[in-house]
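Just below is one structure, and these are the notes that go with it.
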Amino acid sequence: MKKPLLALTVLSLSISSIILPLPASAALPLAVNGEQLPSLAPMLERVTPAVVSIDVEGTHVAKQRIPDQFRFFFGPDFPAEQQQEQPFRGLGSGVIIDAKQGHIVTNYHVIKGAEKIRVKLHDGREYDAELVGGDEMSDVALLKLEQAKNLTQIELADSDQLRVGDFTVAIGNPFGLGQTVTSGIVSALGRSGLNLENFENFIQTDAAINSGNSGGALINLNGELIGINTAIFGPNGGNVGIGFAIPANMMKNLTEQILEFGEVKRGMLGVQGGEVTSELAEALGYESSKGAFVSQVVVDSAADKAGIQAGDIIVSINGKTISSFHELRAKIGTLGAGKKVTLGIIRDGKEKSVKVTLGEQENVKASADKLHQGLTGAALTNTNASDSVQGVKVSSVETGSPAEAYQLQAGDIILGVNRVRVKNLAELRKVVEKQSGVLALNIQRDNRTIYLVVR
């Protein structure tokens, strides 16, 4: 009987030794050989007061499927789904960009549908915020605090100067735990094709970004804002070291338009095209894969008036290099209509500069409402080079809107109306104006074609 007791005694001693508290000397010293170790603390003490927590409340329409037995008793006309308003709460983050005016930038999806927006400052003060305006297609919203005093604003960096490998620090309110700081590097620039937003030109970082960080700050080691944290890429919304942020320069262009016009008046160049493949570059005698290849110029567009031609490769905007057609589209789309820009293009192997005054993209959401009452609540835009077909893309659908009731979904591409093929918004408008009442929409969804009837 002594051996088991001995074993138990030894085990107890082993466990005790494991759980003994570590000596205080296990912590990193403040200095080594008289030299202080590097720390982000001084910079963060200056910057973190500019990052806020956002709490929103509202109601949304939830769909509840009606049991099949009800339809059996009441007939096929009995609705298959019932809509019911339900309250919701959401959490996010924001960044003070103008202390004097009380302006805070955040993501549009953080405040979408909110009836009440509450902002909590770093020092614990809380205020109701007013929505100045937002742009769902680029996921940027601007808030205002009317009564708050002694605010701290963040300085903006030139995000066009970022390089892969630059250090980053993400600040936000993950999971509602309170302000949290994580660090990493710039993993990639100009990320697009993620189907997160309509205009994508993201900074990718491995700094941990989790739920609730949306709208928070991505900063450099100088404490300057380089981006607005907006999304993560991982299973079930968990962090796997792939986070995305809207570049600070893009955010600045959008918020300036919101302040001036109350909305974003998106610039339009008027070209269609794609990426510069190795085969295309070889055929054109172009020794690079960077740039945006122009395959077609829209008649009477800004590009047409400036003399841009099919076959040109656009390589820069205002002297700043662009890497892809996606980047061209995103940067032009976030510049205001009427802006004068200088494009660097390659034509016949020679580089030249072209001055362009940007046109204005249609207010696609408003045009959807005016087109047909059944499309109200749908944001429509022309397809681009990354889409498999030409048509009119549904970029978003408002909850509880007629468009949602008729089962339109974000990502749908309208190919035709009442058996008439449409390739863009202008053609869609012409066809709908000639119809009365019911529309039969031919739609591509997830690589299959369906028909929806809209009244």
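Each Cβ is built from the backbone N, Cα and C atoms, and glycine gets one as well.
Copied from TrEMBL, the annotated features are:
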- 1-26: signal peptide (SIGNAL)
- GLU57, HIS109, ASP139, GLY212, ASN213, SER214, LEU269, GLY270, VAL271, GLN272, GLY273: substrate binding site (BINDING)
- HIS109: active site, charge relay system (ACT_SITE)
- ASP139: active site, charge relay system (ACT_SITE)
- SER214: active site, charge relay system (ACT_SITE)
- 258-349: domain 'PDZ' (DOMAIN)
- 365-447: domain 'PDZ' (DOMAIN)
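A map of TrEMBL features onto the structure.
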residue : record                           : Cβ contacts under 8 Å, 6 or more apart
GLU57   : substrate binding site           : PRO87, PHE88, ARG89, ALA114, GLU115, LYS116, ARG118
HIS109  : active site, charge relay system : GLU136, ASP139, SER214
LEU269  : substrate binding site           : SER301, ALA302, ALA303, ILE308, LEU328, ILE332, VAL356, LEU358, GLY359
VAL271  : substrate binding site           : ALA292, VAL294, GLN296, VAL297, VAL298, SER301, ALA303, ILE308, ILE314
ASN213, SER214 as recorded positions, winner by CB count within 10 A: ASN213
Taking residues GLU57, HIS109, ASP139, GLY212, ASN213, SER214, LEU269, GLY270, VAL271, GLN272, GLY273, which bind substrate in the record, the widest Cα spacing (Å, whole number): 42
Rounded mean pLDDT for the residues that make up the domain 'PDZ' (365-447): 83
Cβ-Cβ neighbours of GLY273 (substrate binding site) (radius 10 Å): 22
Summary of DSSP states over the domain 'PDZ' (365-447), given as helix, strand and coil counts: 23 helix, 25 strand, 35 coil
Local Cβ density at ASP139 (substrate binding site) - other Cβ atoms counted within 10 Å: 26
DSSP three-state assignment (helix, strand or coil) for SER214 (active site, charge relay system): coil
Assigned conformation of VAL271 (substrate binding site) - DSSP reduced to three states: strand
